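Q: Dumping the structure here so I can ask a few things about it.
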Amino acid sequence: MRAEFAASLTFSSVRLTGTKSGCGGGGCGACTVMVSRYQPATKTFTHYSANACLLPLCQLHGAAVTTVEGIGSSKTRIHPVQERIAKAHGSQCGFCTPGMVMSTYALLRNKPQPTMEDITQALAGNLCRCTGYRPIVDGCRTFCQEANCCQANGDGNCCRNGDGNPDTPEENSSASNFKDFLPLDPTQELIFPPELILMAETANPETLTFYGERTTWVSPTSLEELVQLKAKHPKAPLVMGNTNIGPDIKFKGVLHPLIISPSRVKELFEVSETAQGVWVGAGCSLSELRSLLEKLVPQFPEEKTELFRALNQQLGNLGNQQIRNVATLGGNIVSAYPNSDLNPVLAVGNCKVSVISSGRREVPLNQDFFMGFGKTILNPEEIVVSVFIPFTRKGEFVRAFRQAPRKEASFATVSTGMRVFFSEGSRVVQDVSLYYGGMGPTTVSATKTCAAIIAKPWDDETLSKAYDILLDELALPPSAPGGKVEFRRSLTLSLLFKFHLEVLQKLRETNVIKDEVPEKISPLPREIQPGLQEFQAVSKDQSAQDPVGRPIMHRSAVGHATGEAVYCDDIPKTDGELFLGLVTSSRAHAKITAVDVSQALQLPGVVDVITAQDIPGKKFRPMTGQKEELMAETEVFGFFCFVVSPQVSCIGQIICAVVADTRAHAKRGVAAVKISYEDLPDPIFTIEDAIEKSSYYEPRRMIERGNVTEAFEKVDQIYEGEMRIGGQEHFYMEPQSMVVVPVGEEMEFDVYISTQWPSLMQEAVAETLGISSNRVTCHVKRLGGAFGGKVTKTSHLASITSVAALKTNRAVRCVLERGDDMLITGARHPVTARYKVGFMKDGRIVAADMEYYSNAGNTIDESTLVVEKILMHMDNVYNIPNLRGRGAACRTNLPSNTAFRGFGVPQGLMVVENMINDVAVVLGRPADEIREINMYRGPSVTHYKLEFSPDNFLRCWDECKLKCDYSARRKAVDQFNKQSRWKKRGMSIIPIKYGVAFAESFLNQAAALVHIYKDGSVLVTHGGTEMGQGIHTKMQQVASRELRIPTSKIYISETGTNTVPNTCPSAASFGTDANGMAVKNACEILYQRLEPMRKKDPNGSWESWVSAAFYEKISLSATGYFRGEDLYMDWEKMEGRPGAYFTFGVCCCEVELDCLTGDYRTLRTDIVVDIGRSVNPSVDIGQIEGAFMQGLGLFTLEELKFSPSGLLYTRGPSQYKIPAICDVPLRFNVYLLKDSDNPHAIYSSKGIGEPVVFLGSAAFFAIKDAVAAARSDSGLVGPFTLSSPATPERACLACNSQFTQKIPTSKPGSFKPWALDI
């Protein structure tokens, strides 16, 4: 058992690196592969997608595993799935793309002509942080055979190409190219390996035993043998799908000396029908169960399949396709998770399990079966063989409901199964059963509530009494694990109310009652419609060879889709290479009294422990004038480290590191390091704590224009409010990754690293090792996403890794696991703001005073710069004559927060837009009117005295309102809300003015190096790093235009400090602006040098001119340089020019909200952005869509949760939810403003990477609009507080329905909360 999981095998043994590891727990889909098996009994093949990170290799005996490399390659022939995702611009950083490809491929192997529902289900378990999913869906949509789509299966004549649609304006084009697709031919797919068929048909099954370093794996072939094994080893777990045991082993360090895999015991997969119902083998996967139920439902009368349909509904939302394909029915039951989706439904349906040990027995699935967290009534040696699912009776209704933080691929907050039985023709309840998940340590039955309903008529009066009983029966203490106590208690009532409405509807349909039934609550809409991407086509006069302004495919898109694109951890392991694991603090505010590394050093494979004492150079990194320690200062004596500077200031602070020969050994070594602490008093976690104790980083900033104090005395009205914005994890798909290689002479090191700033890494390694920078070469091929998170923290990790490489004189690799990455590297700054606004009755805002406080964490990082950026953007697009802003970065005992896409601007603008909304509510006027009244118009001056023209912004505003048909849809929303009590729609339109470039002027410079080789090929190197934003693609376009050659002749290999020195970070939306000018400069020099050759041979070719130049001894290499503009901000004078120009944008969102659960769906999003003349519209539109979805996550979904002791709970995709495909607006339209020019950037373009993140707040304000409509029905008017993100919990509680009103609120301070309110 050399490697534990299939994902590690593809990397370590067979050198197939296309399968990526993004989370290690089956939550992101980056490692998706297809597993195929042969069924000898039926002589058929099964194909299914699965997460390689959870697939035990031992489980795959006899199976064929297909990775992304197996279906197509650029060296041979790419597969239609790979081609279509690439051509649809469905990859940016590309790290998730192989998983997307394989999920789609596995679907097509089973269903070559899928529906859109099939596609969204198949992709529900695949996360993407870059694209916003729309182009991925568009690429996959081309496989659909649907009546309203003409893209089907490679038909080039598609209306969405702009060719066949007479309504498409000439100046606009589609961002995607749907022409000339390779046809999908199922007959040409890979065959199942004949040797595996032969093995399956001829081999006599025999027990398989695999021996690992610490674990033995046994796979029996008969039920009898399985029973004997379990009797002999009752504590040994049974592993089938490994979706429960696998994560425990990986993340909790659980060790099982013996694992039993009954996957070849045929009795566990048998299905049999009886007159009373169906017995389903406990080993059947959840996907197989779903298929079985779908097949059975139409075979029986509707009244008999109520339970089947309820189970099927729940199965559609349980986990994701990859999980359902391997997780088993039996495993799901005996895992006894408290928030199980299936167990409440199985319990209300009177299901039972057949178990075997020394004998057989049948055990009902009821309240006695589930005994506690992960515990059932079964004995340790008992094995669940099958599960009985009964038919329902006439007059019996079964429903399943759930609410989860994300609509799909998310554990439920509360799940429930509900059943009621009536005698024929009666509304009097004969029997009722209510089971809930998420309301205690296990699945619970509301028996008292049921007793109060039985023998009573099913009506409002009966249910009204039942709610009060249910509330008492399912009480949760305010400090209950999982938190959300008020919300969970509210859900128990509102889900029962939903059941009440559905039962009334059924009684009405069957003519049992004649009463007028309240509104039917239909599910939220979910069908994703094709969107529009409009941009200005290039001039007809532009050369056909000139690619600038055209929607060119990302230069690595095919490599992403085939898995050939190389990322840092794909670099082959060198001989003797070691792996580094980090030992971090488990206390937030403490002294370290001792560090014992003796046990770690005695473990197999552990080579050494790296401490601060091993650092020969600087033991800290300078950050904005302050020093940040790389590791806790320690001194080693023998096997112990005795602390010299013994203090830690957050959980996750790096103390030391362990180097070992493998990842597994390094991880084991880290766990073996023992640290003793002495807690220090009064840790600071929240902004409120920091304010109370004046815990700030300096400098604090203030800016003011006009006289705010005097203005407040002259206004008609004053309103004061507060806004809280939570933090956000970067969740780049590729974790922090690096390899440091000692070259072997003169202290030279090669650093292969995933970073936005190679020169900073070079400098950090050199200073840490005490050597000069010319001995350190930093190489960056590409990044699997970054978003600001691969700059400062990455330099710390690189420094520590380089010390290990120096000390051991061996290559050292450091790749953080997702949980460690999230714990150590920080996030977007949470911000709390208070504002006071003075305004006139006509809506004019005359004065505003704002105070911003950010939670910076335990070190300064770039936190004071983030505060400055917030203050510089606090006006947004509004001309407020008297405006004051104050900002402070709070020092706390949480992990240090850092740069994140937008750099504070999304948080800052959220406050001013919320303030505008409050003014509108106070005045009783539409928010868009108040926005328009206060906008900059004509020649304008910002609050820091910068002159600018808002004309293009105003054009964006008007065009967005026109494109989205704002007025008519606003009326339609209001009409919908009048007719609907429990579902509301909301709509908002939000603007942005974003300053592009660095206020720190020296960071705006760039350089490039361009070589022309004798064969005419061109190699371009520049200072920007490719992280999905398409900078290399754009640089190719720039070089192509300037040299007048096709892009096929131009190659960009990597970003290296040995070719372009002293680079600046790829950040601030300025990468293309700066590096594009540098590349342009170098190419202009070279083109000019070739001028004599062209004059001498005007009819010659590019190759002939280059060759002639070489023989004429003309240099074919040039350095280009761009100095950048002189930007600055003078905080003493409160004036400056901190940006080169503004990017403008406007977004309109419409949402539909379920007021009973807080779930919502974005029905439509329209975005108009002024990005000047786009260098590459497809890349820029991709950036816009991806930024919007990241903003939507920030403002409506993503929550960082910390324990009362400062431990980050949310350390992976199972706890932390970024937007998935289910969160994409059902109609997503992007329009680039036409006829816009920008003299401050290359080819009149504008930076676009960051600005649109804030426009995700349009969804927040649409939700708030819908909540306001719900509150109005309850008689509540006026401004109200809704903190960001507007999660289902916050939205539901803010609606203040009759059910939330029933929930008693616990007094703050009277209990210890499960999680801090950060």
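Quick reminder: no glycine exception, Cβ is built from N, Cα and C everywhere.
Sharing the features that TrEMBL gives for it:
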BINDING   C23, C28, C31, C53  [2Fe-2S] cluster 1 binding site
BINDING   C93, C96, C128, C130  [2Fe-2S] cluster 2 binding site
DOMAIN    210-394  domain 'FAD-binding PCMH-type'
BINDING   L238, V239, M240, G241, N242, T243, N244, I245, D341, R402  FAD binding site
BINDING   Q756, F787, R901, A1068  Mo-molybdopterin binding site
BINDING   F903  substrate binding site
ACT_SITE  E1250  active site, proton acceptor
Q: What is the separation, in Å, between the Cα atoms of Q756 (Mo-molybdopterin binding site) and N242 (FAD binding site)?
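A: Between the alpha carbons of Q756 (Mo-molybdopterin binding site) and N242 (FAD binding site) there are 36 Å.
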Q: Which of the binding-site residues C28, C93, C96, C130 has its Cα nearest to the Cα of R901 (Mo-molybdopterin binding site)?
A: C130
Q: Quick one: Cα separation, F787 (Mo-molybdopterin binding site) versus C23 ([2Fe-2S] cluster 1 binding site), in Å?
A: 18
Q: Closest to F903 (substrate binding site): which of the binding-site residues C28, C130, A1068, going by Cα position?
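A: So, of the listed binding-site residues, the one sitting closest to F903 (substrate binding site) is A1068.
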Q: Using a 10 Å cut-off on CB atoms, tell me which of the binding-site residues N242, N244, Q756 is the least crowded.
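A: Each of the binding-site residues N242, N244, Q756 was scored by Cβ atoms within 10 Å; lowest is N244.
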Q: Given the recorded positions M240, N242, N244, D341, E1250, find the one whose Cα is closest in space to the Cα of C128 ([2Fe-2S] cluster 2 binding site).
A: E1250
Q: In whole Å, how far is N242 (FAD binding site) from C53 ([2Fe-2S] cluster 1 binding site) when you measure between their Cα atoms?
A: 10
Q: Check the Cα distances from C28 ([2Fe-2S] cluster 1 binding site) to each of the binding-site residues C93, C96, M240, N244 and keep only the ones within 10 Å.
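A: Within 10 Å of C28 ([2Fe-2S] cluster 1 binding site): C96.
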Q: What's the CA to CA span in angstrom from N242 (FAD binding site) over to C93 ([2Fe-2S] cluster 2 binding site)?
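A: A Cα-Cα distance of 30 Å.
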Q: I need the nearest neighbour of M240 (FAD binding site) among the binding-site residues C31, C93, C96, A1068, using C-alpha distances.
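A: That would be C31, the closest of C31, C93, C96, A1068 to M240 (FAD binding site).
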Q: Among the binding-site residues C31, C93, C96, C128, A1068, which residue has its Cβ surrounded by the fewest other Cβ atoms within 10 Å?
A: A1068
Q: Out of C23, L238, D341, A1068, E1250, point to the one nearest C96 ([2Fe-2S] cluster 2 binding site) in space (Cα versus Cα); all of them are recorded positions in the record.
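A: For C96 ([2Fe-2S] cluster 2 binding site), the closest Cα among C23, L238, D341, A1068, E1250 is found at C23.
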Q: Provide, as an integer number of angstrom, the distance between the C-alpha atoms of C31 ([2Fe-2S] cluster 1 binding site) and L238 (FAD binding site).
A: 24
Q: As a test of the contact definition, list every same-chain residue at least 6 positions from L238 (FAD binding site) whose Cβ is closer than 8 Å to its Cβ.
A: K230, I260, S261, P262, G331, I383
